[in-house]
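Asker: If you scroll down you'll find the structure; I have some questions about it.
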Amino acid sequence: MDPRGLAMLVAILVAEIGLVANGNLVFPVERRRRSLSAIRAHDARRRGRILSAVDLNLGGNGIPTETGLYFTKLGLGSPPKDYYVQVDTGSDILWVNCVECSKCPRKSDLGIELTLYDPKGSETSDLISCDQDFCSATYDGPIPGCKSEIPCPYSITYGDGSATTGYYVKDYLTYNRVNGNLRTATQNSSIIFGCGAVQSGTLASSSEEALDGIIGFGQANSSVLSQLAASGKVKKIFSHCLDNIRGGGIFAIGEVVEPKVSTTPLVPKMAHYNVVLKNIEVDTDILQLPSDVFDSGNVKGTVIDSGTTLAYLPDIVYDQLIPKVLAGQPGLKLYTVEPQFSCFQYTGNVDHGFPVVKLHFEDSLTLTVYPHDYLFQFRDGIWCIGWQKSVAETKNGKDMTLLGDLVLSNKLVLYDLENMAIGWTDYNCSSSIKVKDETTGVVHTVSAHNISGASTFFIGRILTFFLLLTAMLIN
């Protein structure tokens, strides 16, 4: 987009920059409920975003019949105001709707109040102009025609036609700092984020989809994680543990020392979280597949995307997997529900009646998917299959392999960008983890159920979101 054209859409706002604080951060994260058809629609839009960006995208979700995705409450500005944003581990910026946006959502079906960010209403807000280093780094060089009074623009168009356009500002992000075992204290830190001036498509809708914005934890320099790491406050390591049995969980930035997690290499030079899937095992039987079935051309490897609810496999993989999964129950009759889901009647314990599926990755890392993970209860006595045929193709026409929250729940998933690796281990996500303060070397115990900053009108279960800062830095 021409920055001068964008400048006509946004206001030029100037204020003071506050001092940068530090510490261990905590945000409450909420799961929202949606119908099965809405889940598929969400995943379809997400695949569109993946294909229209560099190649892929990420986030966080829950049980298909109960939850669509995860969102968190953030404090922005001085004095801080609450904003509810989607947690997205694949997109690369934090942005919220701003006060000059005439078509931004004003209401949501989630039981939350939406708030438009007003830079003039914050004592610590400052405009990021197009001639500042952050803007030049974001666009890999100076923007043509840039003048100091022109704000640094952002513009993202997604595959479903939705778009967000605005400009960057710098302001305080308020959070709870972990300062001991099961203890927190409020702190803030200065962060650069997008001020959304123009939204279109689903982003402009006041509906069950409506939130204040998105917080991205992708690999780009503009992400919250990268900004904190660049300031020396954190290592580029984060993890999440999403509990779809008891509800709750953890999202942490920093080094987790317990439990221990084995890893597999990330495919290098990819915009998102891609790994090499070698084969799939069903009840000790390895599927007989072409050697290149999981290599989708330019999108190398299999995508790990906790922003997708289900798990999507190439046709040839799906057509072998499902018969083997159902082989132990020859009398089952499949029904179609809403209308893409294959479901059946079953009154027994699914973990006793269906096989475990194991996905084997490079460096001998295995992802074990239990029947209670890949089968979900639609209603009493009716179970549905979460594995889906891939409906997304890459530019060279190959099916995409996309593993979402269906297979990632009830596991601590570690993203180690310092060593370009990702890993997981089965875990009780409603229990506690141990995290290390890199400055002091002290290990703190953090409980998923100990910290709850959610408002009383939250409608689902809480996922506690910890950002564990590793160094002391005050500017």
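Each Cβ is built from the backbone N, Cα and C atoms, and glycine gets one as well.
Residues annotated as transmembrane segment in TrEMBL: 6-27, 454-474. Residues or ranges marked as domain 'Peptidase A1' by TrEMBL: 70-425. According to TrEMBL, the feature active site maps to ASP88, ASP305.
What's the neighbourhood like for these features in this structure?
Answerer: Other Cβ atoms within 10 Å of the Cβ of ASP88 (active site) number 28 in total over all chains.
ASP305 (active site) has a Cβ environment of 30 other Cβ atoms inside 10 Å.
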Asker: ASP305 (active site) to ASP88 (active site): how many Å between their Cα atoms?
Answerer: 9
